[in-house]
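*Asks:* Below are the structure tokens for one structure; questions will follow.
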Number of protein chains: 2
Amino acid sequence: MKLNILGCYSATPRTITNPTSQVLEINNQMYLIDCGEGTQVQLRKHKIKFSRINQIFISHLHGDHFFGLIGLISTFSLLNRPNDLHIYGPKGIKEIILLQIKLSKSYTKYNLFFHELESTESELIFEDDKVEVHTIPLKHRVYANGFLFKEKPGLRRINIDAAQEQNIEVCYFNKLKQGSDLQREDGTIIKNETVTFDPQPIQSYAFCSDTVYNEEIIPLIKEVDVLYHESTFLERDIEKCIPTGHSTAMQAAEIAKKAHVKNLILGHYSTRYPEIELFKKEAETVFQPVLLADDGKVFKF
Amino acid sequence: MKLNILGCYSATPRTITNPTSQVLEINNQMYLIDCGEGTQVQLRKHKIKFSRINQIFISHLHGDHFFGLIGLISTFSLLNRPNDLHIYGPKGIKEIILLQIKLSKSYTKYNLFFHELESTESELIFEDDKVEVHTIPLKHRVYANGFLFKEKPGLRRINIDAAQEQNIEVCYFNKLKQGSDLQREDGTIIKNETVTFDPQPIQSYAFCSDTVYNEEIIPLIKEVDVLYHESTFLERDIEKCIPTGHSTAMQAAEIAKKAHVKNLILGHYSTRYPEIELFKKEAETVFQPVLLADDGKVFKF
């Protein structure tokens with residue numbers, strides 16, 4: 001998995017900071033998560049091929065998470081995109097996009113599918129042969145979801161040396177990859193695990209922004225490899241969290257700790273603080289390792 | 001008048017080019033014309049005070065002319081703007097903005113007024129004591145208007161030396177500024193023009209984008225000081241103009257020449273050409289002076 005942070009600052013886009021958007025790359029598929037104003041320019045800047053994005057996940061309908069979507073959809077059209085595009089986001093997103101398309105008479109030539117979300121329970125919203133995406137219901141000022149990306153286990157891998165030693169012909173390899181034992185003509189059994197390795201370990205990524213501190217998400221994100229949790233504020237401004245629907249860096253770390261995640265990435269910083277290092281320092285008092293998102297940063301895991 | 005070009009390229013925003021937006025400054029008032037995606041960042045970059053924009057004029061509902069509007073309106077809110085904001089643009093613009101405000105539960109604390117346009121005749125849409133704004137109906141793929149900004153004549157200016165020579169007291173200056181003659185106690189008349197100068201010359205600016213070559217606009221923009229006319233293409237691509245609703249640089253120059261304008265500014269360039277200087281060269285074969293808009297450029301006139 002590779003995570004490209006296109007923007008990770010809260011509220012308004014500025015000359016050097018961008019609102020939320022990130023591209024998660026899993027097995028050569030690219031999933032766009034949130035799409036603040038200017039996302040298409042950030043995609044260009046970081047040389048991410050527009051054509052490889054087929055699914056877009058929108059957490060909630062605050063401007064800093066979706067005002068760039070209509071522009072991206074239009075640009076896909078101008079670039080003569082052939083592929084279908086699937087948009088997952090809160091109920092209402094379809095009406096917003098289609099109204100603008102209708103009034104600008106800019107109908108897309110590609111197929112545009114909307115998958116509107118309104119459940120407050122976690123649900124499986126996308127899967128293919130490599131990955132599943134589940135919602136993580138969040139608590140914010142408006143209806144919001146995080147997204148849990150879970151790789152599916154791959155096939156077992158042939159232990160070539162062991163297979164040759166046992167004189168197994170190549171035509172049986174697919175059966176082995178799928179986990180079956182083999183039976184020789186003399187009736188003896190070759191146990192699968194003696195000639196194969198386990199599949200590549202699977203990975204999981206949980207995106208949680210925007211949200212107040214909410215322990216209800218813990219069972220959903222338990223032991224994920226990477227948790228991106230918003231940290232709009234530092235503890236010294238904790239009184240701002242409930243009215244605005246946000247968390248502090250320490251609260252993000254508490255969630256990471258209680259969910260036993262492997263890595264925590266912080267983001268969605270308020271620009272009121274002089275440096276983002278302060279978020280890391282605060283979170284590290286509770287949980288480690290803490291990584292800081294920043295516009296243009298790429299995480300490989 | 002001062003014209004700040006925030007963006008002047010057609011179609012999609014890119015890393016170094018921005019879609020249409022400009023700020024016209026007249027007598028310390030700032031009028032925003034069009035608002036492509038990223039306009040708020042361009043405003044910040046060019047240090048234009050958000051609080052001085054009270055009127056926004058949107059030519060038409062293609063994304064490269066208005067996708068930045070909802071973001072700007074939201075940011076005004078986050079910045080606790082106190083002033084009313086007036087939006088002038090095609091019918092439908094109110095529905096687009098209000099739907100997004102409603103779904104994001106981000107109601108503005110300031111008053112937001114929409115002045116929706118649907119006439120195909122030129123109309124006076126705004127005036128205060130310093131300026132009038134008239135629409136310039138354009139021909140494009142969707143309903144579109146250019147905008148004509150005309151300063152109103154100011155007051156006559158006192159010729160201090162002449163006034164003192166005639167022993168005119170200061171309390172009569174306002175009357176003189178308004179153009180009246182004065183009568184002395186002995187009944188003799190002081191002719192106004194003997195003790196005043198003409199008002200500052202008034203200026204006019206016509207913004208015409210996007211449009212095909214359309215001679216019907218000529219009477220409306222006759223002898224303006226500055227005409228901004230789109231030139232998406234060069235003559236070698238003239239066959240693209242009608243289907244897309246655009247003009248060539250030479251067509252823009254033809255309009256400038258036939259309308260006897262004083263200066264022509266070109267913009268809304270397609271990014272297919274290697275350098276914008278080509279637009280100037282082409283237009284100059286028909287009309288001079290030709291100026292090239294470019295993102296970040298400021299014209300004073």
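Just so you know, the numbers here start at 1 and follow the chain as drawn.
Glycine is treated like the rest: Cβ placed from N, Cα and C.
What TrEMBL says about a protein is an automatic prediction, not a curated fact.
From TrEMBL, here are the annotated features:
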type: ACT_SITE; residues: A:D64; note: active site, proton acceptor
type: BINDING; residues: A:H60, A:H62, A:H140, A:D210; note: Zn(2+) 1 binding site
type: BINDING; residues: A:D64, A:H65, A:D210, A:H268; note: Zn(2+) 2 binding site
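Give me the lay of the land around each of these features.
*Replies:* A helical conformation is recorded for A:D64 (active site, proton acceptor) in the three-state DSSP classification.
Annotation for A:H140 (Zn(2+) 1 binding site): same-chain Cβ neighbours under 8 Å, separated by at least 6 residues, are A:H60, A:H62, A:D210, A:T211, A:V212, A:G245, A:H246.
Take the CB of A:D64 (active site, proton acceptor) and look out to 10 A: across all protein chains shown you find 28 other CB atoms.
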*Asks:* Within the same chain, and leaving aside A:H60, A:H62, A:H140, A:D210, name every residue whose CB is within 8 angstroms of the centroid of the CB atoms belonging to the recorded Zn(2+) 1 site, in sequence order.
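*Replies:* The surrounding set, listed in chain order, is A:S59, A:L61, A:H65, A:L138, A:R141, A:V142, A:A144, A:S209, A:T211, A:G245.
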*Asks:* Among the binding-site residues A:H62, A:H65, A:H140, A:D210, A:H268, which sit with their Cβ under 8 Å from a Cβ of chain B?
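*Replies:* From A:H62, A:H65, A:H140, A:D210, A:H268, flagged as close to B: A:H62.
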*Asks:* Within 8 Å of the Cβ centroid of the Zn(2+) 2 site residues A:D64, A:H65, A:D210, A:H268, which other residues of the same chain have their Cβ?
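*Replies:* Nearby residues not in the site list: A:S10, A:P19, A:T20, A:D34, A:G36, A:S59, A:H60, A:H62, A:S209, A:E230.
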*Asks:* Inside 10 Å of the Cβ of A:H62 (Zn(2+) 1 binding site), count up the other Cβ atoms and send me the figure.
*Replies:* 26
*Asks:* Sort out the sequence-distant neighbours of A:H65 (Zn(2+) 2 binding site) for me: same chain, 6+ apart, CB within less than 8 Å of its CB, listed by position.
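*Replies:* Result: A:P19, A:T20, A:D34, A:C35, A:G36, A:I58, A:S59, A:S209, A:D210.
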*Asks:* Cβ-Cβ under 8 Å from A:H268 (Zn(2+) 2 binding site), same chain, 6 or more residues apart: which ones?
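*Replies:* For A:H268 (Zn(2+) 2 binding site), the qualifying residues are A:C8, A:Y9, A:S10, A:T20, A:S209, A:D210, A:E230, A:S231, A:T232, A:H246.
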*Asks:* Can you tell me how many other Cβ atoms are located within 10 Å of the Cβ belonging to A:H60 (Zn(2+) 1 binding site)?
*Replies:* 27
